[in-house]
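Participant: The structure follows.
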Ligand SMILES: NC(=O)C1=CN([C@@H]2O[C@H](COP(=O)(O)OP(=O)(O)OC[C@H]3O[C@@H](n4cnc5c(N)ncnc54)[C@H](O)[C@@H]3O)[C@@H](O)[C@H]2O)C=CC1
Ligand SMILES: O=C(O)[C@@H]1CCC=N1
């Protein structure tokens, strides 16, 4: 692929976060990122970062060799119809749209274009995404570029497309589940004496520490928990009370409910 300029179609929560992460990463100069969004406010935020705002989606695809579609599932078909005249065989089409498969995307865009499904999360703005990539038999050169691109924006894992719905739940929704844990722990922290800001800082840094313990050692969480739970101590008392109230079960059921929602809606 010759043209390594990057397009983003839809600069809402995710498209905007990708643009921010890309500019921060220095992987590409801001002016080589081409975006369109019908919301002028979103485009202005992009312009302020030095990103090139286009007049429409077709112009994005004409300028960029690789483009990321980050619109809601119900807008994808309209977007693909709009960009179709600019879809030459040298383009790489990356979709982060939840629940829309490569087969469906191929029907919309045509056979002769390289299509990837990618599932990032909002931490991509900080280059801390966990991004799942499904390559479905694309050319090695294209695949290498897409992986390199998202490696600059966090960590990547390559998965078969059949796991994309599960990836959406565990990684993309997962950020929200983790944040809800942080909020709940903060609320407990406030009730036992901390101000909100201090409770937030203590909880967030503690979660970061827990995450690093797992990521850096590869240990099972329970192995690290065993080091904290003094017999007859305060930790096990709290943990057991959480389990009596359904903590793990509630999380697992939430994950399954999100997964079912993707299956049910086909989105
Ligand atoms: N929000 C998240 O954490 C994640 C979202 N996704 C997927 O990313 C996609 C976007 O989600 P969000 O960013 O949350 O939604 P959003 O609503 O924040 O952003 C979508 C953007 O698309 C723009 N848009 C609407 N019609 C358009 C058109 N014809 N051309 C160009 N832009 C258009 C909207 O103005 C909006 O700014 C969805 O398909 C979602 O499934 C995937 C992973 C994580
Ligand atoms: O909630 C949603 O439907 C989207 C997909 C993954 C994260 N947000």
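Cβ coordinates come from backbone N, Cα and C, glycine included.
Unlike curated records, TrEMBL annotations are generated automatically.
As annotated in TrEMBL:
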- 5-99: domain 'Pyrroline-5-carboxylate reductase catalytic N-terminal' (DOMAIN)
- 9, 10, 11, 12, 13, 14, 70, 71, 72, 73: NADP(+) binding site (BINDING)
- 57: NADPH binding site (BINDING)
- 161-262: domain 'Pyrroline-5-carboxylate reductase dimerisation' (DOMAIN)
Participant: Where residue 13 (NADP(+) binding site) and the residue listed as 'NADPH binding site' are concerned, what is their Cα separation in Å, rounded?
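Facilitator: Cα-Cα, rounded: 18 Å.
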Participant: Do you know offhand how many angstrom separate residue 9 (NADP(+) binding site) and the residue listed as 'NADPH binding site' by C-alpha?
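Facilitator: Distance (Cα to Cα, whole Å): 6 Å.
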Participant: Roughly how many Å separate the Cα of residue 72 (NADP(+) binding site) from that of the residue listed as 'NADPH binding site', to the nearest whole number?
Facilitator: 15
Participant: So, three-state DSSP: helix, strand or coil for residue 57 (NADPH binding site)?
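Facilitator: Where residue 57 (NADPH binding site) sits, the three-state DSSP reduction gives helix.
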Participant: Write down the Cα-Cα distance for the residue listed as 'NADPH binding site' and residue 70 (NADP(+) binding site), rounded and given in Å.
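Facilitator: Their Cα atoms are separated by 12 Å.
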Participant: State the Cα to Cα distance, in Å, between residue 11 (NADP(+) binding site) and residue 57 (NADPH binding site), rounded to an integer.
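Facilitator: Cα-Cα distance, residue 11 (NADP(+) binding site) to residue 57 (NADPH binding site): 12 Å.
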